[in-house]
Amino acid sequence: MKNRKQMVYKLAEVQKGKGCTGPVDSGGGSGAVRTLGVSTCDCGLDKFLPRWTHWAVLLLTACIRIYYIGQPQSMWILHPDEIFQTVEVAFSEYHGYGFRFYDYLPPPTNATPVEEQELLSGMFSLRSFLLPRVYMLMFSAADFLSLQLLPLTIARAGHVIVTSFLPISVYFLTRRLYPCVLTSQLAAIFTACSLPLSVLGTHALDISLLSPFVVASVTPLVGFFLDTRYNPTAAMLKSYVQNGKDSGTKSDQSSNPTDEKVTNTEVPKETPVSKISVLFKTLSYFMSGFVLGIACYIRVDTVLFVGTLLVTFPLIFTHFNQLLNTILMTVVASCGFVAAVLVGGYEDQFWYGSIFISPRQWLNFNMKNNLPTVLFDNQKPLKFLLEIFFSDIFTSLFTVLTLIGLCVGFFRQSQKRTATLENIITVVLVFLTVIQFASQFLMRQLETRHLHNVIVLVLIISACSFHHILAVLRRSILKEEQLKVLLVLILGLYALNSYSIFPSPSSSPSNPWAYPRMKESRDVNLCLDFVSRQCGVSGVFVDSSLYLTHGYTILNHNVPLLILIHNEYHEYKTRITLLIQHHEKHITEHIRMMNRFTDFIYKDNEFYLKKVLLGRTEYNYVICDKIRAPTFIELGFHHVYSTQGFVVLSRNLDEKEAKKSVSLSRSLVSGENATLLEYEGSWLYTAGVFNVAAERLEKCIETNDARWRPYQLLGMSYVKMRKWELARDVEKRCLQRHGEKTCKQKQARLVLDEDRGHIGGV
């Protein structure tokens, strides 16, 4: 007990700026030396960089990122979520057409078989519309300012402007954590130049958009506990003095003689606080709680980051004389948080018809049922650790220097045999970082993008470590000018390394940050961007994956779209009837849902694909690989635009040519492979497109009637369409071909792609 009181007392002396129980270390550490109300550091580096450095970092980051997204090389997709969980949802709501996936759909009351499987898996209403509203606000601002920009350009520009504020948010958070300005400036620079954060910040992912707001909102709440530790109140000083007296009476007579001087310290009177200052702080706590509530409602896993931070700091740094103020601050911030949750609940009620449904669905889907592991888990365990800490030689060296800096700071303090607030904060940050990594691993969220905010903590720790190293070098080895040259060299190499290995379609395969199909994604989006600027577009066929594109946001035309998803072409048209009855005013006939397609073609069924393009003359643009271009040129298309690997083909048919094309289409067969025809018919039946399914299944039976399942699907299709005579005729044909016993048995469905997942055709 005596040792604990002495440690607390020594910590108090450091916080009061009285030094330690021994003389000030001349070895050149970076311990905090603060007088009351003044933030200083004994490292001598407090004014090492210009005071405006962090603002320059903000401006430079924003300019570079805005310039980057304006380049053709930036048109690639990092992850489908950056479009179909953010921008595309906002675009579809603001402009009235576009894709809307299950994350933002209410549970349908007239579900197809595949949607019934999704309902059983909880794949609906997983996301709050609060996030798309941010992008809708960007679209509204652009319209108000009469900016003649494409919707995708508006969304991407708005996103990178917001994410460019992350370094400044990190600066102010670090400024509240550590006494030295240089530490905060290094943290801001590291954040701006961090390769993972730069990649995520230039792609419209929800976590990168929310991060600046989360860090900025955490700052005043964390600062509440640390400000009084760095600058104790009069009541706290009295407590520290009393602790000193108590420990002095119980300690040995050989205790440090400086204790007597400390215990006689005159406690200054408290300066009255103005009502305006109190009101401003109260409002800042409320707004911090509100913003954090919005962020946590949008991304429920943000609760883990915010919660561990705001639980650990109060437990460690709250003084008993601060309890009343802590309770008041907690109540105010909690009121803001609750208000935000109520706003999110109202949004869920408006869009989905059930209050607070999106966080409940997210928890059930991700935590209770752990479905992402089953459906999407294709990342190797601990790969994210390699990407963050050891992706290349320079990053590995940076990690090693960070560890050395931590050891330098702790070793110097252990020689002084005292606990400093600065090192305690570093220990807390390291502890929180380990907790975050372990939690993400246990939740099987093994992608680097899920660790965005954790990377911020790592970079703050790195800034503190480099501050320790620079302080030691200044005191013992290098002169100030030499140290400045060294620092500029380190920062320059850090930024240059991030620039040199920043992923792009032209990156070599050996680049540790190269992503698959980047070139294809860039080329397809450039082609779509070209089509979006054309007049008279009536239909587009894209011979590439939907998940590599920016969806209708980049196409910017409300036209039929035939596009590849997995290994099948899906056709999306404007629906004549609305199949979702619940809250139908929010799901118009122009909203395309992934499982509400109008046709389904396996990629190897070239016969039917040609038949479709010839018969449906509204498709006047084709985007395809250069190698595949001759296939479509034969159908009457001609070259109008090209990129490195893809081309845009177009056709402009008059009435006579259109009739000839339709006539030629009718003469073509739907396919010659019964397996493909049955597979397509099965999926069409699953999607509720019974008329098209019946046509495909009839052709399947005509080609090869060895399997009886096509008869069963065909009969059920006619039943769904209430064509009873045709259904009875199919039953008779099945009985004649396979017998009554066989026709009543179930036959396994065809599976052409094992990696498709557990949700598939019937």
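The backbone N, Cα and C atoms fix where each Cβ goes, glycine too.
A TrEMBL annotation is a machine prediction, not a hand-curated record.
Feature annotation (TrEMBL): of 48-65, 138-155, 156-173, the stretch labelled transmembrane segment is 156-173.
With a cut-off of 8 Å between Cβ atoms, the residues of this chain six or more beyond the transmembrane segment (485-502) that come close are 48-49, 189-190, 193-195, 198-199, 391-392, 394-395, 398, 466, 470, 473, 478, 511-513. Long-range contacts of the transmembrane segment (454-473) within the same chain: residues 27-30, 43-45, 48, 166, 170, 173-174, 177-178, 180, 182-184, 186-187, 190-191, 194, 196-197, 211, 215, 305, 388, 398, 401-406, 408-409, 412, 422, 426, 429-430, 432-433, 436-437, 440, 448, 483, 486-487, 490, each at least 6 residues beyond the stretch ends and with a Cβ under 8 Å from a Cβ of the stretch. Tertiary neighbourhood of the transmembrane segment (207-226): same-chain residues 86, 131, 134, 159, 162-163, 165-166, 168-170, 172-173, 176-177, 197, 200-201, 281, 284-285, 287-289, 291-292, 294-295, 298-299, 302, 305-306, 309-310, 313-314, 317-318, 322, 325-326, 329, 333, 421, 425, 449-450, 452-453, 456, selected by CB-CB distance under 8 Å and a gap of 6+ residues from either end. Counting C-beta pairs under 8 angstroms (sequence separation of 6 or more), the transmembrane segment (303-320) reaches the transmembrane segment (423-442) with 3 or more such pairs.
With respect to Cβ pairs under 8 Å, the transmembrane segment (180-201) is most closely packed against 156-173, considering the stretches 156-173, 278-297, 327-346, 388-411, 423-442. A contact between the transmembrane segment (388-411) and the transmembrane segment (278-297) is absent, since fewer than 3 of their C-beta pairs, 6 or more residues apart, lie under 8 Å. If you look at the transmembrane segment (156-173), the same-chain residues 6 or more away from its ends with a CB under 8 A from one of its CBs are 54-55, 57-58, 61-62, 65-66, 68-69, 87, 135, 138, 149, 184-185, 187-189, 191-192, 197, 200-202, 204, 208-209, 211-213, 215-216, 218-219, 222, 456, 459-460.
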